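See below for the structure under consideration.
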Amino acid sequence: MNSPLNNTTFCLHTFGCQMNKHDSERVEGMLEALGSLPVQSVEEADIVVFLTCCVREAADTRLYGQVSSLKNLPLRDGSPLRQRIVAVGGCIGQRDGEKLVQQMPHLNVVFGTHNLASLPGLLEVAASQGGHQVEVLEASENFNDQLPSVREQAWAAWLPITIGCNNFCTYCIVPYVRGREKSRPLEDIQAEAQELVGQGVKEITLLGQNVNSYGRDLYGRPRFVDVLDAVAETGIERIRFATSHPKDLTDEVIERFATLENLMPYLHLPAQSGSNRILKAMNRRYTREHYLDLVRKVREACPGIALSTDIIVGFPGETEEDFLDTLALVREVGYNQAFTFIYSRREGTPAAAMEDDTPREVIQERFDRLVEAVQEGACAANQAFLGAVQPVLVEGSSKRDERLLVGKSPHNVTVHAPLPEGVSAEQLAGSTVNVRIDEARTWYLSGKLAE
Ligand code: SAH
Ligand code: SF4
Ligand code: F3S
């Protein structure tokens, strides 16, 4: 039977982390399987789907504006639908459920993080019968690994190994909107990795809120290091993983940076703060000393490894002294990259009830000092690549200049280089080329193609 979505068009807006990016590939796969065509703009779209994020307030408030702006937008000529269908899923869908349609009555469909597979059905009912279709489940039934999928890039794939999170850092909403941690069986991971290699994928990024706690809920308790070994065995060119919680990073995993050729020399190790007092209040369950010891071990195993981190500024009760500890940590480690955030109060988390009297300007001023330190560190770290030849996995051409190719080095640094005469970036995308680096800026390297 023909789906009511056949010959419709859809536009997908995805926010937040890789979990949503991965989910969006499934949504695209499911909708295309029903005969709906992806389009770039909401004007041309019969169906607009938002995969939302609520990790910080900014992401939260943006959604309302975007959904509202669709209210009076006319449907394109020739649409098989009577009205545009607007659907909200992801973490705000999970958190707010029914409340969303009360606040935004022109919203047609709400779904959560645990029932992605229901989306096509909900859209079909909305298309044929109208009304509000809301379905949010308490917990995940499965990994959605049987759903069709359209990869954003043919040569790179996200591979979730866990979903959910059990850590309950006191500031964080993720455990409430993604549920308890659930690990995917090792055989399934290996089978999918093998299949991806067969499809010509060059880079696999293993995903989880904390990949290091993989397997604790599975029979035989396989560990993350077993996942690394199994995926490495498939012969994939590049392996990366995110995110790695410092409290659970083991010596075995660290050692793999020395022994597995396809494990890239790059580690994202979120510190969040450099103050032991704040780390305790955040329920991170490691100390600054433990963190620095991990960094030392990782660098011993893999000299020159690139490190990145996440830092929160302005956690409730953070003093100037706490902040100086964070700044000192950032300078001591010398990160290649750092994602810096101003603390955002999330209703329902333990930190939301903590006294928080630091003035906004003080927090902003700390944030600016942190960003400056991060930039100095990144720029200094990039100088190490000057003169070196780096194998670059090409992604496409530069947005500013289409004669420049853009790709990533093993250390996950963006590299630019002029394309050879008569060769387009599209032709090179997904292949690895050697670039001799002759310029090192804060956020990228430039060079020329080398043999
Ligand atoms: N599971 C990952 C983090 C996922 S959220 C980990 O533990 O590393 C990504 C980042 O958002 C976090 O590392 C943290 O730095 C930031 N973040 C989470 N909640 C936040 C909040 N309430 N305010 C500001 N930043 C937050
Ligand atoms: Fe949030 Fe902490 Fe879980 Fe990361 S480990 S998702 S910061 S609760
Ligand atoms: Fe955001 Fe949900 Fe990821 S809140 S960071 S999209 S798990």
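Using N, Cα and C of the backbone, Cβ positions are placed for all residues, glycine too.
Small disclaimer: the values here were computed from a predicted structure and weren't measured.
Together with C17, C53, TrEMBL lists one candidate of C11, C91 for binding [4Fe-4S] cluster 1, that being C91.
Taking Cβ-Cβ distances under 8 Å and a sequence gap of 6 or more within the same chain, the neighbours of C172 ([4Fe-4S] cluster 2 binding site) are V55, C165, R346, T349. Among the listed binding-site residues, namely C53, C91, C165, the Cβ with the most fellow Cβ atoms inside 10 Å is that of C91. Note: C17 ([4Fe-4S] cluster 1 binding site) has non-local neighbours C53, V55, i.e. same-chain residues 6+ apart with C-beta under 8 A of its own C-beta. The [4Fe-4S] cluster 2 site is set by C165, C169, C172; from the centre of their CB atoms, other residues of the chain with a CB within 8 Å are N167, F168, Y171, I173, V174, P175, Q209.
Taking C17, C165, C172 as the candidate binding-site residues, the subset whose CB lies under 6 angstroms from any atom of ligand 2 consists of C165, C172. Helix, strand and coil content of the domain 'MTTase N-terminal' (8-128), in residues and according to DSSP, is 54 helix, 22 strand, 45 coil. Residues of the domain 'TRAM' (383-451) grouped by DSSP class, helix first, strand second and coil last, total 5 helix, 35 strand, 29 coil.
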